[in-house]
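Undergrad: Okay, so TrEMBL annotates it like this:
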- 126-153: coiled coil (COILED)
- 8-124: domain 'Response regulatory' (DOMAIN)
- 178-305: domain 'Guanylate cyclase' (DOMAIN)
- 57: 4-aspartylphosphate (MOD_RES)
């Protein structure tokens, strides 16, 4: 047998003559051969090597072949090694016992060299195919895991689950949702004075922290557009405390940037708006998918952000009514909002 890499063979037999004959025979076919004169010795050898196949005598003093096989198969790292029994016992009961213990084949003594070689080669080929399939299965598992991670970077986890189950997800109406909009005061002026690479690095770092804050508070980042950051709570997974979750997240954003601004040259000051209401969510596009949200609630949340101020959280009356007992608020003057008329608004007191 000629292979790029030698196959490793462990011979286990209490007969020195049998071991010598088998060793000499297999050696001419370029195997790497190890030998053991007892079951105990075989188990000791197996702590040092992992053979590709084992030829195991059944009738041995001390630990016999059956018990040796049983102990090998109990070892998770060794149980996949094919074991071929060698025995003078030809009754069906012993053969069945061997197969039940995990052996792949039997060789009846006196051994016929050509038959031994043929069976060893056959089971080595099967074993190697199993290893190849296992390797391919692991590669496929890693590929699927990588795909899942990519999908989770694009879509909410609930949407990913739907896509994996049915290959599609239907648009949904969500009745109880709070929406957070944030952007940075003076972003255009600040960014125009910086190298584009620096701007991207800054936004990437800040939005990564924003994402962590959202995860912590049971919120879901939907998208970013330039310096604008849009997140929700209450969809696609329901959250009865959606308004509280969003405001807690907004407060953490303010705290995070207050700390960050103390140690960085560039000072970013967010302006945050929050509104609560009904939202439609679904996947948009055919080639470049995006999970997006729609509805008057989104537009109103955007208006709340526009009417907010530096390092402040501006909430609508709809949101205020949901959490007025959870936080302290400063009631602002009623303001005229384009397309909405006059609206009540409140700043969240930190």
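Any Cβ shown, glycine's included, is placed from N, Cα and C.
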Undergrad: Quickly jot the same-chain residues contacting the coiled coil (126-153) by Cβ under 8 Å, restricted to those at least six beyond its ends, or write none.
TA: 52-53, 80-82, 104, 160, 163-164
Undergrad: What mean pLDDT does the predicted model reach across the domain 'Guanylate cyclase' (178-305)?
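TA: Mean per-residue confidence for the domain 'Guanylate cyclase' (178-305): 93 out of 100.
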Undergrad: Tell me which residues of the chain lie with their Cβ under 8 angstroms from that of the residue listed as '4-aspartylphosphate', as long as they are six or more apart in sequence?
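TA: The list for the residue listed as '4-aspartylphosphate' reads 12, 13, 14, 15, 18, 65, 85, 86, 87, given in order along the sequence.
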Undergrad: For the domain 'Response regulatory' (8-124), jot down how many residues DSSP puts in helix, in strand and in coil.
TA: 51 helix, 24 strand, 42 coil
